[in-house]
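Here Swiss-Prot flags 27, 34, 71, 119, 121 as Mn(2+) binding site, drawing on sequence analysis. Per Swiss-Prot, domain 'Nudix hydrolase' is recorded for 32-171. Sequence annotations record features per position, and here Swiss-Prot assigns active site to 69, 121 based on sequence analysis. For 69, 89, the entry in Swiss-Prot reads Mg(2+) binding site.
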């Protein structure tokens, strides 16, 4: 999709696809409901990748958030979109994806940033396990900085200072099943 216009899939309130719109124009003060995905990426040691959104981002610039978010292209599965964005946005090796599982299948949210731009998404939340290493080389226009952290440290930080993190990350981590899935992902006793 490097030379093509990136499209997002629009949705109705029931979660049906109803068309497409250019990603470059869809996020406004009157953003239509559309499909997205959110992912939490773990390395083989069970550390969670957290990213700080680039300062040039249209929404929530400079805010810490989960590993990666994005939009599936028309006729693309979320798992394929996660692989595509993981390679293009984070510089992950395509072969490093061990497992992608949906944890919050029916997650959706609406949030408005300080500039009035709205995110309104049907956004299943995924847990991604990497088979090897943690080499990340993110695109500077997507990610300002990143860190691999122990999941419990991330949970504690989100609980103590939610204003430092994206509203979707704070809301997603309010679901105990997501926290449990992250903690158990590489736990041999789980």
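Cβ atoms are placed via backbone N, Cα and C, with glycine included.
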For residue 89 (Mg(2+) binding site): DSSP state (helix, strand, coil): helix
Neighbourhood of residue 69 (active site) by C-beta distance under 8 A, where only residues 6 or more apart in the same chain count: 36, 37, 38, 39, 123, 168
Counts by DSSP class (helix H/G/I, strand E/B, coil) across the domain 'Nudix hydrolase' (32-171): 34 helix, 51 strand, 55 coil
Residue 34 (Mn(2+) binding site) and residue 89 (Mg(2+) binding site), Cα-Cα, nearest whole angstrom: 20
Neighbouring C-beta atoms (10 Å sphere around the C-beta of residue 34 (Mn(2+) binding site)): 25
Other C-beta atoms that fall within 10 angstroms of the C-beta of residue 119 (Mn(2+) binding site): 20
